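TrEMBL has this to say about the protein:
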COMPBIAS  1-10  compositional bias 'Low complexity'
COMPBIAS  28-41  compositional bias 'Low complexity'
DOMAIN    548-641  domain 'DYW'
REGION    1-41  region 'Disordered'
REPEAT    100-134  repeat 'PPR'
REPEAT    170-200  repeat 'PPR'
REPEAT    201-231  repeat 'PPR'
REPEAT    232-266  repeat 'PPR'
REPEAT    302-332  repeat 'PPR'
REPEAT    333-367  repeat 'PPR'
REPEAT    368-403  repeat 'PPR'
REPEAT    470-504  repeat 'PPR'
Amino acid sequence: MISSSSLSSLHIPPLPKPNQTQRKNWKPSSSSPTETLTPTPKDLLDNFNTCFELKQLHSYIIKANKDYSILPVTRIASICALSPNFDYARTIFERVEKNEIFTWNSCLKSYAESESPVNAIRFFYQLRQANLCPDTFTCSFVLKACSILLDLHNGRIVHGLVLKLGYQSDLFLQNTIVHMYAKGGAINDARKLFDKMPRRDSVSWNILITQLTKMNEIDKAQELFDQMPDKSVRSWTAMIAGYVQCGKPKEAVNLFKQMEEAGETANEVTVVSVLAACADLGTLDLGRRIHEYLDKCGFRKNVRVCNTLIDMYIKCGCLEIARSVFDEMEERTIVSWSAMIGGLAMHGEGEEALKLFLKMTRIGIRPNAVTFVGLLHACSHMGLIAEGREFFTSMTRDYGITPELEHYGCMVDLLSRSGLLVEAHEFIKNMPIKANGVVWGAILGGCRVHKNIELAEEAIKHLLVLDPLNDGYYVVLSNIYAEKGRWEDAARVRRLMKDRGVKKTPGWSSVTVNGELHEFVAGDGTHPQAEEIYQKWDELLKQMKPRGYIPDTKLVLLDMEGEDRKVQVLYRHSEKLATMFGLMKTPPGTTIRIMKNLRVCEDCHSALKIISDIVDREIVVRDRNRFHCFKNGLCSCRDYW
């Protein structure tokens, strides 16, 4: 330590060359004929950035007999931590007479929240080696770093220290430890600690519930949620988001309704999750109600909320409303533009998608990988081969984006739809990454449309390895054989399905009427109004046949005997039943919106086009691949596929 008696022997090093900020505040010295610059104490206090400059300031304080309390101790700590000058800083802190560990905690907090949280752990060990006793804040900052790094080893060490120092009564610290274990994957340890906690708050419960949902342990999360004494909005939101992430949107919507009944008010995070569930289910009525709530609460200023709202309307078949939400946004991100471009492509509005992309690039928005997926889909559905090739090349050439499997799949789909099957096959063989089932499935679909058996057999060889339980591929190949009159080969494929235990996925369709979701499966006779639905179909059928409707029985399983029986199976497809119910239960002129888990079959596609003209209604069907907007006897898609 430097004493006042040694002032005369102090060597004060020369001042460094001032930077531009310092130069503005310095005043010329009148004692120098050459007008030198001398910093004021305020300049030194505000601008030192290195330990060398700190030592200059220290020397100045001693020489001028200033009080050490004017030193910014937090700044000193940030400069000297994790450096050879750590001990030097400690000598200054002794003179400041402040809680030293409090000062070092500011460094720990900064390290834990930085891009290199491992420095918080390193500095923590440095403090321990210096025999500085940590307080609860010290431990919490280090545990935060351990959580970010998923470092259970050091997390357990800090937990042990917490017990040793008797800090286990600190609720915030206990919650931090539970979070560290849960996020690090030691969910059982987190639960044990949770169960032993003498006191818990909503944060304690929410930590476990959130981590369980992230691990797809939704049933355990629900069990814990049910036991929770006081559920907060965050608790409800965690569960709702968990159900959405686990692919259970119906449960998410039901839970949201329970939340409303409990009198809780949704926040912005809640509505994002519920809108995502509405998008998956196609529950437009609830989505619209939430839209009104957003306008009332002023949440429309939140870009993420608006992006989710656009996605919901797109997936519910309301493209025009989605576009109006997009146009009204005060601020748009690349997510906003990409969602709208992809939505236009999905609805068969490929030209509008390309125009929107051009507008986006003109105002300087840089596209990302998702943007190009939408563009390639648009080109595929419009048959724009040259444009699709150019977009695929532009990804890497102009934007440095490495194509992913989805982009390769889009290109194979584009070439296959256009009948360029040999080129599509060569494209797959030259891909730098291994093709997955989606890529080979795209070329198989092209083989079905363009009747290429040889390439279809090549595709199915790969698909039986990559996705052996996907019944759709077997059915497509069987139908290709059937259309060529190769009945033995078609039957062989069906037997292969049976031998491998592959069952045909039941087709289901849903339609929402007056806020209630109605689901139908093929041949459904369980609906309370099944008889009326079949009667409605029979009535329409009398008008459809004169307009050219002929049941396409080749789509029916071949092991079924009798043409009449096959026809009856076609008549009971789920999308037809859902359409009949919608026609019965909604006013004339109302758009009918149907969600289907599989691709719309060719027979239903032909039937719905004719029905839309007979009843003068728009029928929007979202299937596994895209939207079909039937109106005036036409469909929005360029072709069935």
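The backbone N, Cα and C atoms fix where each Cβ goes, and this holds for glycine too.
On a predicted model such as this, the values are computed, not experimentally measured, just so you know.
Sequence-distant contacts of the repeat 'PPR' (232-266) (same chain, at least 6 residues past either end, Cβ-Cβ under 8 Å): 202, 205-206, 209-210, 212-214, 216, 218, 221-222, 225, 273-274, 276-278, 280-281, 283, 286, 290, 293, 517.
Counting residues of the repeat 'PPR' (302-332) by DSSP class, helix then strand then coil, yields 23 helix, 0 strand, 8 coil. Across the residues of the repeat 'PPR' (368-403), the predicted structure has a mean pLDDT of 94.
Counting residue by residue with DSSP, the domain 'DYW' (548-641) contains 38 helix, 16 strand, 40 coil.
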